[in-house]
């Protein structure tokens, strides 16, 4: 009976320590960005910044759930692609089909997650290679659904996405909504089991936690957030693209690590990953506005991200020393 | 309680062939399937060609094998980008001239080794998880490529390099295959017959125990990452000899296949168990699979799907983790 209590302590310690580093990074990133980008706090810049954040934030939360369970999902980007092309084919530019399209995207995401979960939890394949293999399946299917970029999202959706309610950008509300969804999930038994399984699968098994089912659920939730990310991508770009998710996969892992979640599983949370995703996006912004010559932009970007990854690892360094 | 835990794995091992033999059988089965589906697939020239394509993945996967054996979540995701960068440096320095080969290869491998050194230092001293460190390194190397080339790759492979890779040396076999054999033997020797190799397996099997027995864990890990990047760079140079000119994403797609080849070859992602012979066969399996899918007339999208499914089947043959219950 004292296992849950111990878990809560562990989680608290991890979140607090790494949370400080992530928040500090975000503050620095925002400060530098404010200094460099004219009108960073102006309505337009704020709206378009948040609009580009949402897809990465959503996929980062999904990756967090999977990583917490002790896994890794390299197919999340392909899932975003597949869900988005399915949704764009369903909606076909008509507003009345919007609920159907959203449902289709969520269904696709969760089905993909279920496949990953079965492969990893039931077949017991190693997550890195297994989800790499399923990413082929998903991106191939995406090409079947939509061979070339195209399709259109109702104009109302794209305008609403870049609108603001009482001065608050809709995209920011979307991020708040995603964070709330995470909080609701974290209160649920499934997420408690995810933390237990990721922390120590054998102890969880001995404590009658349904390990296999929990692992499957982690991937299904990952797929759910990938589908939400797909909807955000569509609302942001207004059309479908069978390659859109490719770069999101690895960025989602980076965001999770920046957020202080341990890749070994069991420690961390999506709050940090949301901030981590924003840091990643802001770094790109900063490099753009810092007048770095075009050819050096990517180099500076990469170096800053490695620096941030190193900083994010410092709290874990202190905690993990004996075990490593 | 203890009887089934001891017996279960033994019974499994009793009928299961070693991973290398199994991977080899799969490769043969794939070739036979190819011959049945499209006659001529198993022709001599075609097979030699497949082996030649497999060599690039095979050489890049040497380093990946070393890093993965080192354990602790060790993996080098930057191998594809490093190979690309090495090819870009090589082509620009040699500029299609045989006289430039030695400085070009030397510089390319030196830069690759330097990237590996940074990977190793950050993984050991800063304790950044290898997965994210080498992931971040992809961005940095991509930045280096853009800064070095200004977005436009230049230069050409020297004729001598091209003839080494593509030219027929003995028995109508391209020199590349002999080179791969040589490098493969070097890798096996390195892993099985040198102090470094023994240390590597010790570190991968149990890092704490290795440290307590006096193995310099960090030094071994750093050398592993340096070797990984160096072999990746070498793979890139060889690829340059094959394609003769470079483009900015020449070898990027080798990143995850190199990991898959290692796993299919029976090396544990957890580290401490494995070897290069399996990886080499794994590289052949993946390449034959690609070749088979290309000859089938199912379109690019269908090919990608089938590729993923077959990969899953291959992995589930023996890439499985143990049960919790045991």
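The backbone N, Cα and C atoms fix where each Cβ goes, and this holds for glycine too.
Features reported for this protein in TrEMBL:
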TRANSMEM  B:20-38  transmembrane segment
TRANSMEM  B:50-71  transmembrane segment
TRANSMEM  B:102-126  transmembrane segment
TRANSMEM  B:132-149  transmembrane segment
TRANSMEM  B:169-191  transmembrane segment
TRANSMEM  B:222-242  transmembrane segment
TRANSMEM  B:254-278  transmembrane segment
TRANSMEM  B:298-318  transmembrane segment
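Distant neighbours of the transmembrane segment (B:102-126): 63, 74, 76, 78, 82, 85-87, 89-94, 133-134, 137, 141, 158, 217-218, 221-230, 232-234, 236-237; these residues of the same chain sit at least 6 beyond its ends, with a Cβ under 8 Å from one of its Cβ atoms. The largest share of C-beta pairs under 8 angstroms with the transmembrane segment (B:50-71) comes from B:222-242, of the ranges B:20-38, B:169-191, B:222-242, B:298-318. If one looks beyond the transmembrane segment (B:254-278) by at least 6 residues along the same chain, the residues whose Cβ comes under 8 Å of a Cβ in the stretch are 18-20, 22-23, 26, 56-58, 60-62, 64-65, 68-72, 74-75, 77-81, 83, 138, 184, 187-188, 191-192, 201, 203-206, 235, 285-286, 311, 314-315, 318-319. Outside the transmembrane segment (B:169-191), and at least 6 residues removed from its termini, the chain residues within Cβ reach (under 8 Å) are 44, 48, 51-52, 55, 58-59, 62, 65-66, 69, 163, 197, 200-201, 227, 231, 234, 238, 241-242, 275-277, 280.
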